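S.K.: Got a structure for you, written out below as structure tokens; questions coming shortly.
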């Protein structure tokens, strides 16, 4: 008769993180905190500008307002726990906290994959079908695409995370990372995880490979349309319209490909932690800078908002 293992769920997980390099923890704390503050401030400004400036009430900026909210939520699901572990001697996270962390991070990561593909379709419609753009990207479609992105990400997170949470865990409760990821939780299971792995590969295909394919096809059509534009000014405007999105897609998918789609032996586990640190902390902070520095409309709206607030405050002081 087969012996039944002790499969009680642990009350806490130990996040080893960067504990093997204690000399780096203080430096990493300062760096991570700085990037986190920049991320919250920058993404918050993008959301505020997108909602307050009527000139930005277009399909492109409707989707753009979703992206910074995603970035803020994603980094907030991971960074506070990371900062606590870097600062103090405790390197633990509760079982419930770990579950919430991988539910939310999986949900928001999948949502961003679909949203970036949706934004590429919006750019395709704007450049390749300019005369029909307002008809194609009508408000109902934009709302439907945004909802599909959020609900699609939520669905795959609910399925994958629930399957992971149902795994009987036994033995070691140490996670050699700085946040809870489903593949690492699966490694702690004492049963066969083939079903979980199959679901993870299927979700990766649907939410990573297919959106990336749509992005590449969209930009293939866009590149062909831009090359047909005769005037240099027209080509420059078309390039500026897409450059911010291309930069964000390159950062996001570049990190994913470098992290997950390489042969296992080509990247050490320690290198993997720093790559994960890049896409969870650095990328969300860079995205608003990319959109403000490379987008004249956002810069103009931001300048207008600052001047309006400054002039309004000066006027009120003068009346007093």
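Each residue, glycine too, has its Cβ placed from N, Cα and C.
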S.K.: Identify the topological domain of residue 13 and of residue 128 in Swiss-Prot, and say whether both name the same side of the membrane.
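M.R.: Topo match: no.
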S.K.: Using DSSP and collapsing to three states, where does residue 98 (disulfide bond) fall: helix, strand or coil?
M.R.: helix
S.K.: Mind telling me which of the disulfide-bonded residues 98, 190 has the densest Cβ neighbourhood, counting other Cβ atoms within 10 Å?
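M.R.: Compared across 98, 190, the most Cβ atoms within 10 Å surround 98.
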S.K.: Which stretch from 27-50, 102-121, 141-159, 197-220, 238-260 shares the most C-beta pairs under 8 Å with the transmembrane segment (274-293)?
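M.R.: The listed stretch sharing the most Cβ pairs with the transmembrane segment (274-293) is 27-50.
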